[in-house]
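If you check Swiss-Prot, you get these features:
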- SER1020: active site, nucleophile (ACT_SITE)
- ASP1140: active site, proton acceptor (ACT_SITE)
- 515-644: nucleoside 3',5'-cyclic phosphate 2 binding site (BINDING)
- 633-760: nucleoside 3',5'-cyclic phosphate 3 binding site (BINDING)
- 356-374: compositional bias 'Low complexity' (COMPBIAS)
- 1471-1489: compositional bias 'Acidic residues' (COMPBIAS)
- 991-996: motif 'GXGXXG' (MOTIF)
- 1018-1022: motif 'GXSXG' (MOTIF)
Amino acid sequence: MDVLELLRASATGSYTALFSDAWCQYVSKQITNSMYLYCALGVLSMVFLAWFMYFKRLARIRLRDEASRSMSAVNSSSGGDLRGLRFRKRDKMLFYGRRMLRKMKNVSGQMYSSGKGYKRRAVMRFARRILQLRRDNMPLEMRTVEPPAEYLEETIDGSDRVPPDALYMLQSIRIFGHFEKPVFLRLCKHTQLLELMAGDYLFKITDPDDSVYIVQSGMINVYISNADGSTLSLKTVRKGESVTSLLSFIDVLSGNPSYYKTVTAKAIEKSVVIRLPMEAFEEVFQDNPDVMIRVIQVIMIRLQRVLFTALRNYLGLNAELVQNHMRFKSSTIMAPSTHSSQCSRQTGSQPTLGVPAPTCSNTTTTASPTTANTVHSGLAGANGVIGQSRPPISPSRHSREEHTLSDPNPNPDVINTSVGGASGTSMYAEVHGDAPNVDVFHQQQHSVGNLSTRRGSISQMAPDLGPALSQPGLGQGQGLGPGVTGAPPLMTGAPASKIDMRLVHASAVDSLRKELGLPEEDSHIIEPFVEVRELEPNVTLITEGNSDDVCVWFVMTGTLAVYQANQDAARAKQQQEKNDMLIHFVHPGEIVGGLAMLTGEASAYTIRSRNNSRVAFIRRAAIYQIMRQRPRIVLDLGNGVVRRLSPLVRQCDYALDWIFLESGRAVYRQDEISDSTYIVLSGRMRSVITHPGGKKEIIGEYGKGDLVGIVEMITETSRTTTVLAVRDSELAKLPEGLFNAIKLRYPIVVTKLISFLSHRFLGTMQTRSSSAAPGGPVEANPVTHKYSTVALVPITDEVPLTPFTYELYHSLCAIGPVLRLTSDVVRKQLGPNIFEAANEYRLTSWLAQQEDRNIITLYQCDNALSAWTQRCMRQADVILIVGLGNGSHLVGKFEREIDRLAMRTQKELVLLYPETTNSKPANTLSWLNARPWVTKHHHVLCVKRIFTRKSQYRINDLYSRVLLSEPNMHSDFSRLARWLTGNSIGLVLGGGGARGAAHIGMLKAIQEAGIPIDMVGGVSIGALMGALWCSERNITTVTQKAREWSKKMTKWFLQLLDLTYPITSMFSGREFNKTIHDTFGDVSIEDLWIPYFTLTTDITASCHRIHTNGSLWRYVRSSMSLSGYMPPLCDPKDGHLLLDGGYVNNLPGQLWRYCRASMSIAGVFPPFCDYRDGHLLLDGCYTNNVPADVMHNLGAAHIIAIDVGSQDDTDLTNYGDDLSGWWLLYKKWNPFTSPVKVPDLPDIQSRLAYVSCVRQLEEVKNSDYCEYIRPPIDKYKTLAFGSFDEIRDVGYVFGKNYFENMAKAGRLGRFNQWFNKEPPKRGNHASLNEYTFIDLAQIVCRLPETNAGNSADIFSEDEDCDGYISEPTTLNTDRRRIQVPRAGNSLSFSENEMDSDVELDLQLDRKTEKSIHSAATSVARGSMRSREFHKLEQDRSVEITRLKDETERIMAPTNLDRKGDGQEQEKEPEQEQELETEEPNQENTEVEEEQRNQGEGNEDNKENKGGAYNETKN
């Protein structure tokens, strides 16, 4: 706020305008140019004091005279002199005793007339009450509690009790999945101990690669050998770590053991190594085939999540991960159309890190069968990024240059081609549209990706095809190279009419049989599942991230192109390019699509036909059926994937590690050697620094996709912090040696890291200067407020947790894909025994898959400490503790147990308030003080439907309709959703005196522009306006209160009465405090609807201070304490003196106190003393008048900063090296000379005070997270409060035009849009059906189903209370179907699931179908007799049982609790009838319904046991 023209006030009447303006100008000039006024004020004060003392003494003399006259009258009447008389001591004691007894009657509590020491106790109670009077009058303070030691320290348990060799063994083979104890003991029998001296080789080139090595003591160096004889270290293996390649493990199991070609391991010092031969696993797998299947699946998952995630997303390697150039198996099939393609295909593989690429001659060579069998052509179909992948690192223009290192004559089509034009039509829309029996298994598809399998020799197909395929003269086939003549018609682009399709199908069956490694006598197994299709150019087979169209494709003719999304979407958009880039081609004789068959992931590639092609394919469900009969094809599929990978991937497999960390375990510790970096695959990490004094402080937190320790590894410095796991986490470890080897071979890696580190350092520089003040809360550190998993815990049973979760889910859907999980959902999806220890691997894998597919996953806990609740605690990044704001704040036993179980997880409190109440949040401090473990709180205003008591069925039915509507982005649920996903929008209001009325107009413009406000911060007048908005959230009420306060500030006669002797300030601040206190009352910052902070200048600690809790009016007053006019506010917390925060940052208890503190203009109002610590607080504008940087540190992703402060004149006169005051006086008074602009002494002092504020303001203007706005209000003075309406209108008009221009320019989307508004596509949106984890061991080996037939009996009472079953059907779609709605129109988990999950497809004959339709219609109208309907239901149950038995013969049993779903189908028509005939007495109706459901469940248990589609009967 300005110091100049402080006493000037606008005239209240037109007839006094001239006089008041002249008087104000005169007074302002006197204040500016001389000190006479100060002396005059002092003299007036002394005269007033003397006058007051004189009249007070005169009044005392009068009273004394009257008393003497009265005494004289008494003496005269009594005839004696009473001057010497006095009270006796006994009379005095009696008098004072009676007075005390009268006061003792007011003491609370019963006075006992007997008992030892009762009088003493009564007196002590009375004294205690008197002593506590002042403490009770003080406002309630927030209790500051240091976080527990476990929050910042790693867990150290008794793991030393396990023998070291067994412990290291367990940790090393954990990468193969979960092993039962007998299996582990059998593996231990095959271990060998190797003792190596320094310099001894553990293994070297040409040694067989057939063992797993675990270092028990010492150190081993793993390095690669270059062609010139030099070596390059990959990693150093220390105690407890292992050396192995999972890709070699698959080679050994498939019967093709390899040897070390470039990798060598040598002991650095004396070491002891445990050797576990891979053959030991073969022996175990023979007796436990399910273990083999699970190990293969785990290896494939690791291949996706670790290798592809690390190498692609962070190092920028894409096409280098697969062998781009493959050779044909037969000379009759030569697809390349250019010499370079033929040449590159002869090389057969990518170069390794240490071996240069081979060159090819100009002659075309035919690959031999042996060589062709060596090089497999599968495709690694996914990169491990599941669902909505994290924002990838953008490749530069040089992303293709590394190919020239391995191929001197690269094919431009292969290397530098990007996709253009349309993406092509869908394969299932154009290719499969008119074919019968296409969608046989379409309804049963899960989320899987691409898989590579071995190719069969196409030349071997010709003898089986008869004379039709050996006719010469058919010419060149499409897609074949020039000079390739006489190709069989099957392998050409000849029209299908010229070829017998039966022969084509037979050829396709034989080829796919060989690819799957099946003998010839097993052709009948795959023959029914093989389909052949003709493709036109640019037809899309599958898109990246899609799981619906997953198949194994075999290319018979033509060419398929494999693309991947361009990671630098912004650069591609600027260059008008497509976001897809070519990875490689798939030629005739090769297969593609299938890694997800083993992992359950979606496709990471987009596959299109390059030209006219013919492909044979097998759908995913058919592959699983074949696996069930021939489990060994899993090895063939896995071996095909491995052989397709480039040697670079195999070398990286030796160095990259997959690390599992339980909650509390440390990744690395402070001061350790930095020899690697880590990639967070799942979970959450916390970085903690230990200061020399032993104090620990949080530096930051890392979530999924973040790099940890990269800066220290690159700079080769020791670890500066300790990083520990907040919850169970998975990480990929990238050693420094591997990183150096890759960057030497592929310079693109350096470009990637420079881009990554530049963004990280830029963010650090922008937030460094605005870190929290000393003594600030832990959460004030720059912690990433973006969570992947959220656990919801009710405080009491009265909390409507299910409706709350639905509302939060609804709001989160506006941001991205989200999933809601409950214990019933998980049981129905995976079985009732899923929470047992034996199913740990399956459960964690399934949950990890769901988390990867969604931006956020909601875990709804039970109301008791069940196994599911404990699992939610382990999986959660943050825990939301939900309570009723009007209820009791006491902590229950269940809540304390949660704090004990999740000691390190961040917890936030959510208080719910009904919309019908007119009250505002109150007593929030009592909630927070009772829960010191809570780091943040949210006030949520709930609609009426949340608190309406309904059965679970009615809740599901209600929200199935609510989800079809658009969420209200201005609601508290949307605000909470944006906070959880890191999309909060902050509003920062700067200081500027009366010009702050423009904030009201800007608030109205922001509201009309549809921009939600999630957080508010303010300084000086901005603190006042921001606090009004957070308290009211109604622009009309805010305008009214702001106008009333401005009118009070125009009453200059009240301010004159507040004048005081100007030692500290000109005004005492009493009247100013009263105006702010009357505006807010005794409201605390914690009780505001919207998170709020104000900033003040702490002159006690010489820093700015951020207030997020405490007295509102006090800190607002302190932030407005302009120096010289008001005294600093004394902080009651620590006694520090606080001034206007604008002195350090001019844009940023009880509410009014900190508002007052933020308005303490130095010199005008005294500093405000903080009641907590006694610090003196002044106006925040002295340090930061627009604290947008503070808002960014508190978690706001997008910020709108409004600046209304004054601007200094920078056009000053250059007067030379010295300055004479007499010369300035002459220039000032001489009208014939040009005026000079030289700052006077007060102006210089003001500019010095605002130095840091101006610097901070420039940083805010240049930041990328802030939208800086300055309305045109420079013509209004600081104290022009009488022009409130005019200034407000200026701000409104300017803001409205500003946001309209932003909308036209397309820049408004970041404030009100966070996702693509296009309608959701089924292939790209998360559905619980689509991403169900596929346990191959259970499918293939017929393991006992965890969801046995009696699972419906266990949960029969709950089936009608939860309608979230997501069940894929396994029935053919070429038959007639009837869609029966499930109970309650179950709420889906995504937009596309609303179509697929709500309806259950049943296959019925015509008669039953017609009867069911008739029955459903009659029930809906309430006109059908129960007996007739029950008879039809029995008929339907029999029909469903028959169909179930029929489909079970061809399909593997699903992991769904179908019986529970069947019960829901049975009850749904009855519940529809109940809704229409519902009696007013809802309570009795619900009791009758519960009894009827129990009766139905009991009868069902007797009637149907073990059936998968058993139905209930009344």
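Cβ coordinates are placed from backbone N, Cα and C, and glycine is handled just like the others.
What you see is a predicted model, and the numbers here were worked out from it, not measured in a lab.
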Collapsed DSSP category at PHE617 (nucleoside 3',5'-cyclic phosphate 2 binding site): strand
Proximal residue to MET713 (nucleoside 3',5'-cyclic phosphate 3 binding site) among binding-site residues VAL532, GLY600, PHE617, VAL634 (C-alpha distance): GLY600
Euclidean distance between Cα atoms of ILE633 (nucleoside 3',5'-cyclic phosphate 3 binding site) and VAL532 (nucleoside 3',5'-cyclic phosphate 2 binding site), Å: 21
Three-class DSSP secondary structure - VAL532 (nucleoside 3',5'-cyclic phosphate 2 binding site): strand
Residue among binding-site residues ILE583, GLY600, VAL634 with Cα closest to the Cα of LEU681 (nucleoside 3',5'-cyclic phosphate 3 binding site): GLY600
Cα-Cα distance linking VAL649 (nucleoside 3',5'-cyclic phosphate 3 binding site) and VAL634 (nucleoside 3',5'-cyclic phosphate 2 binding site), given in Å to the nearest integer: 21
The motif 'GXGXXG' (991-996): DSSP-derived helix, strand, coil residue counts: 4 helix, 0 strand, 2 coil
Cα separation, ASP549 (nucleoside 3',5'-cyclic phosphate 2 binding site) to ILE633 (nucleoside 3',5'-cyclic phosphate 3 binding site) (Å, whole number): 21
Assigned conformation of ARG665 (nucleoside 3',5'-cyclic phosphate 3 binding site) - DSSP reduced to three states: coil
Neighbouring C-beta atoms (10 Å sphere around the C-beta of ILE583 (nucleoside 3',5'-cyclic phosphate 2 binding site)): 22
Candidate nearest SER729 (nucleoside 3',5'-cyclic phosphate 3 binding site) in space, where candidates are the binding-site residues ILE583, GLY600, PHE617 and distance is Cα-Cα: GLY600
Rounded to the nearest Å - Cα separation of ARG665 (nucleoside 3',5'-cyclic phosphate 3 binding site) and GLY600 (nucleoside 3',5'-cyclic phosphate 2 binding site): 29
VAL649 (nucleoside 3',5'-cyclic phosphate 3 binding site) and GLY600 (nucleoside 3',5'-cyclic phosphate 2 binding site), Cα-Cα, nearest whole angstrom: 21
DSSP-derived class (H/G/I helix, E/B strand, else coil) of ARG745 (nucleoside 3',5'-cyclic phosphate 3 binding site): helix
Sparsest Cβ surroundings (other CB atoms within 10 Å) among the recorded positions SER729, SER1020: SER729
